[in-house]
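Scroll down for the structure; my scribbles are underneath it.
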């Protein structure tokens, strides 16, 4: 890891623009976004909830519907070529990468496809559409969990991970690319939220600010008390406080933490997110039927990872609307709105932590911090996150808001397929690179305990904030 003193003496190495994963996440994310901006990714495959396998795969744009399952083959070759070029420039073993990536791609997609089986994915509100009367209601996002589990099984069964998988399993690279594309989704949601009741937006923002003035310090202190060092504590605190895996990896990049830290914490986050997804919606449906918007806000404030939070909101929505029909859609909307505002903190928090780390944590008495040190430490992919977000928001400055929302929806309808895909292979890669045999020697046992205690505290704080800010808010009118 780059120490403070080393960074002070280091000159700018321009080759990092094409030799570092951090920069390549930025370039790849912007490349995909640019293609989507000009609506050139209409051919990418979309996997829908299915009963009939032949109807499980479609395309982002109807004009490419004739491709059917061939769109998946195109996605494989497209990503293989683009990622292999980047791998070559980063001096990876390209042949090994191509072989390993092929395995990761198809295993990951198989899990994603399987997770969209109606009896696994369908929420109660759509059961009639598929002619079923029960399901696990996990939504297609469960594919990430299945991919993680499969990766963990492989990674912990073989004595040594085969070289191709070792070279291609790059969770940080994939998740950083996904975060760049996430910015566009945040921008599109913000445009849509301009038409949502102002009270919902205002209270969401206030609740989130209040939450993070409480969440992060408490989580950090709990982690330190349990015995985690500063890098483990900061990464874990961001993961459990902000938005899960994305925040943990962004934080680790900002403070220069070794890859084992965000990788381990990401696994912990995802495992607990599954538990939250299974338990919290049912609890919310029992205790917050009288305050549907508070139930949605609770999901957004408490459930980690974007997919799990959105899925929890959808399940809660489906459960509550049985008793409160007028709440249909608004529980999910509130959960997603809150989560969107949470996502905005990724970039800001990464910058704040990078600044704090080099000026306070690593700086020695008498040393001065040069701006280049902060720049070197700052995660470059966060720039892409803000570029894609503001590019979408800027649409409203040039065209009518309705047209801006429509265009943003078309753009993200294409780019978000790739975002979900990069998230998916991230989880497979996390599983492949997570070896439980090493957990004890790297202090993961303490991390699990710290995360569990922090999450438990946050769930109750989130419930209090959700009730305080949303319980008295009437359901918005359609």
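Numbers here mean position along the shown chain, with the first residue as 1.
Just so it is clear, glycine is given a Cβ too, placed from its N, Cα and C backbone atoms.
Listed as Cβ neighbours of the transmembrane segment (24-44) (distance under 8 Å, sequence separation of 6 or more from its ends, same chain) are residues 18, 59-61, 63-64, 67, 71, 74-75, 82-83, 86, 89-90, 173, 176-181, 184, 380-381, 383-384, 387-388, 391, 410-412, 414-415, 417-418. What TrEMBL records for 24-44 (among others) is transmembrane segment.
What TrEMBL records for 64-89 (among others) is transmembrane segment.
Per TrEMBL, the feature transmembrane segment maps to 96-114 (among others).
Residues of the same chain lying 6 or more positions beyond the ends of the transmembrane segment (134-153) and with a Cβ under 8 Å from any Cβ of it are 47, 49, 107-108, 111-116, 118-124, 127, 169, 267, 270-271, 274, 277, 305, 307-308, 310-311, 314-315, 318, 423-425, 427-434, 436. For 134-153 (among others), the entry in TrEMBL reads transmembrane segment.
What TrEMBL records for 173-192 (among others) is transmembrane segment.
The transmembrane segment annotation in TrEMBL covers 204-222 (among others).
The annotation transmembrane segment is assigned in TrEMBL to 234-255 (among others).
What TrEMBL records for 261-280 (among others) is transmembrane segment. Here the transmembrane segment (261-280) has Cβ contacts under 8 Å with residues 138, 144-145, 148, 152, 171-172, 175, 231-232, 235-236, 239-240, 244-245, 248-249, 251-253, 298-299, 302-305, 308, 311-312, 315-316, 426-427, 430-431, 433-434, 439, 442, 444, 447-448, 451-452, 455, 459 of the same chain, all six or more residues outside its ends.
The feature transmembrane segment is assigned by TrEMBL to 340-358 (among others).
Sequence annotations record features per position, and here TrEMBL assigns transmembrane segment to 378-399 (among others).
Sequence annotations record features per position, and here TrEMBL assigns transmembrane segment to 419-436 (among others). Remote same-chain partners of the transmembrane segment (419-436), defined as residues 6 or more beyond its termini with a Cβ less than 8 Å from a stretch Cβ, comprise 75, 79, 104-105, 107-109, 111-112, 143-145, 147-156, 161, 165, 168-171, 174-175, 177-178, 181-182, 184-185, 245, 263-264, 266-267, 270, 307.
The transmembrane segment feature in TrEMBL is assigned to 448-473 (among others).
Same-chain residues lying 6 or more positions outside the transmembrane segment (173-192) and placing a CB less than 8 Å from one of its CB atoms are 21-22, 24-26, 28-30, 32-33, 36, 245-246, 249-250, 253, 266, 306, 336-337, 340, 343-344, 346, 379, 381-382, 384-393, 395-396, 401, 404-405, 408-409, 411-412, 415-416, 418-420, 422-423, 425-426, 429.
Among the recorded stretches 96-114, 234-255, 448-473, the one sharing the largest number of Cβ pairs closer than 8 Å with the transmembrane segment (378-399) is 234-255.
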